[in-house]
């Protein structure tokens, strides 16, 4: 596995692969890799000739008071995992390389899709995401880029950006990977105390309960949301950020559950904010 910290060298490598007719997959990550990330890597390995994984904890997608400084990092362990998965190139640039002192260019998707859910509680977050992802696409020149369904809103925003700015690549969605007890895998799970970890299982339980309600004929969004709230509020350490039930294609509001429905939530346990979601076909 080749390791690149320099942007120009990464671009030269990517150009060389293209010249040789090789297809390139990109898996963008912030590191501290777990099985969820490795599922993206495995899918990329199956579909493309060359696999690039980027590791960059992106400061501009963290707001004031968020966990940028504390975000877990272990490049040595990450590199070993990626070697095992036969990744061709690891791109891990420094902050000053990605954002020199004079940096003033941002890529932002406007509208309802970025204003609700995580966009409402983390202003500027998605602007940071779309800016860094645009840069990674230009640097690594992938034919396909792999994103996890756990960050459903982010995934849809990136898809919209790619479509509207005509990036010559395909976004591949990869299903959520869960622990045996149902908790969605996340690098932030390491922050949880044993008590918080036990309570965090309520996220998936609430989602499955909502799915069951819909399958049993409930169509009223307010009723489903209220039942989810009651279940989560029964956990003393849980503080709900949002529970959203929206159109799974574009995050638009639904009057009642119909078509493809995304049920998504964000809940804090202590200082740790966790997200999860599932899609129900009605």
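Each residue, glycine too, has its Cβ placed from N, Cα and C.
Keep in mind that this is a model prediction, so the values were computed, not measured.
Taken verbatim from Swiss-Prot:
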- 30-37, 148-151, 177, 185-188: ATP binding site (BINDING)
- 37: active site, proton donor (ACT_SITE)
- 61, 154: (R)-pantoate binding site (BINDING)
- 61: beta-alanine binding site (BINDING)
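Taking the features listed in Swiss-Prot, we show where each one sits on the structure.
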residue: 30; record: ATP binding site; DSSP class: coil
residue: 36; record: ATP binding site; DSSP class: helix
residue: 61; record: (R)-pantoate binding site; DSSP class: helix
residue: 149; record: ATP binding site; DSSP class: helix
residue: 154; record: (R)-pantoate binding site; DSSP class: helix
residue: 177; record: ATP binding site; DSSP class: coil
residue: 187; record: ATP binding site; DSSP class: helix
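Between the CA atoms of residue 149 (ATP binding site) and the residue listed as 'active site, proton donor' there is a gap of 11 Å, rounded to the nearest whole number. For residue 187 (ATP binding site), the same-chain residues 6+ apart in sequence whose C-beta sits under 8 angstroms from its C-beta are 30, 31, 32, 33, 34, 71, 72. Non-local contacts of residue 61 ((R)-pantoate binding site) by the CB criterion (under 8 A, 6+ apart in sequence, same chain) comprise 124, 125, 126, 127, 128, 129, 132. Residue 36 (ATP binding site) sits 16 Å from residue 154 ((R)-pantoate binding site), taking the C-alpha atoms as the reference points.
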